[in-house]
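S.K.: I grabbed these lines from TrEMBL:
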{"type": "TRANSMEM", "residues": "25-50", "note": "transmembrane segment"}
{"type": "DOMAIN", "residues": "41-302", "note": "domain 'G-protein coupled receptors family 1 profile'"}
{"type": "TRANSMEM", "residues": "62-80", "note": "transmembrane segment"}
{"type": "TRANSMEM", "residues": "100-123", "note": "transmembrane segment"}
{"type": "TRANSMEM", "residues": "144-167", "note": "transmembrane segment"}
{"type": "TRANSMEM", "residues": "187-209", "note": "transmembrane segment"}
{"type": "TRANSMEM", "residues": "250-276", "note": "transmembrane segment"}
{"type": "TRANSMEM", "residues": "282-304", "note": "transmembrane segment"}
Amino acid sequence: MPNASSWSASSPLLLLWEDSSGTRIFLSLLYAVLAISGTLSNVMVIYLVFSFKKLQTTSNAFIVNGCAADLSVCALWMPQEAVLGLLPPNSSSLRSVEYRLLRGGLLGLGLTVSLASHLLVAFNRYVLITKLPSVYQALYQRRHTGCMIGLSWALALLLVPLLPGLWTLGSAQQPPPRQTDGSSRYTALLLALAVLGQTALLLHCYLGIVRRVRGSAKRVSVLNFHLLHQLPFPAAPPPPRRAQRRLSSVSVLLLCCVFLLGTQPLVWVSLLGFFLRPAPPALQAASWLLLCSLSALNPLLYTWRSEEFRRAARSVLPRGEGPAAGPRPAAAA
């Protein structure tokens, strides 16, 4: 029988077969909290963008795309994990290969599209801030935006069946055969390299925005785009120029730090397991939990500094203020 480290490295399942009942109950409760909070926040962002015309921008179309992907993790995958953690070890549901494939597909599809949406949002904002308005308008026509969103889902649908060892969840009570260890190590390496590449591109975009904003606040102020309200910058009233540059940089760097905290532990745990020795099971489980928790945090990351989102939310919540823009059903721009 393979040890716990080799088995947990082959599966993103956080409920390990040797866990005590107390640990499994705690993880189940944690899954339940993330599932509820993540589902509510993602649904709220999608509803606000579809209901308020001022929020129907290109950047928000990519944010909605990420929210839809995160719903497959928060609303479909996490509740199942919360329930499975409370089942007895000999439950037939935990041993069903087809059911494990289904759960693995939901997780792989959601995380792949979510990570792709992070990059699409970052690149969209980078082009807006650092390029001429004519370049932005030519690149982000409605047709092109739809193609970018469609490609993110097509890529995910291709990767999920091609990398079954990465997304397929193992049984929480019965470890898989030893012969799968080699393939799982290579799929974990591919995952680490893919996330590292995506992170490098995302940091390049946001750090480029920070350099441009700090170097020329006037350049940002003359761009008369609704999309500026979706950046993690203060909307109104504008603070003095020096304070505005400082607050803008802090907000962008904070977003990058949260993203790095959620993704990089899994990257380095995977690299450690491939080149040296498998990390302890608890560390592997924690790295997967951080990555999955991003699905619940993503809506807040992209909307907490937006005055337009706050006004729209206040208008639909109980005792809210008057709506910033009359709600009307429409597709995201």
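Keep in mind that glycine also has a Cβ here, set from the backbone N, Cα and C atoms.
Note that TrEMBL annotation is computational and uncurated.
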S.K.: Can you work out which residues elsewhere in the same chain, 6+ from the ends of the transmembrane segment (100-123), have a Cβ less than 8 Å from its Cβ atoms?
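M.R.: Contacts with the transmembrane segment (100-123): 12, 59, 62-63, 65-66, 68-73, 76-77, 80-81, 148-149, 152-153, 155-157, 159-160, 163-164, 166-171, 195, 198, 201-202, 205-206, 259, 263, 291-292, 294-295, 298, 302.
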S.K.: By Cβ distance under 8 Å, which residues at least 6 away from the ends of the transmembrane segment (250-276) in the same chain are close to it?
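M.R.: Result: 5, 9, 115, 118, 185-186, 188-189, 191-192, 195-196, 199, 202-203, 206-207, 209-210, 231-233, 283-284, 286-288, 290-291, 293-294, 297, 301-302, 305.
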S.K.: Residues of the same chain, at least six outside the transmembrane segment (62-80), with any C-beta under 8 angstroms of its C-beta?
M.R.: 31-32, 34-35, 38-39, 42-43, 45-46, 49-50, 103, 106-107, 109-114, 117-118, 120-121, 124, 145, 148-149, 152, 156, 230, 292, 294-296, 298-299, 302-303, 332
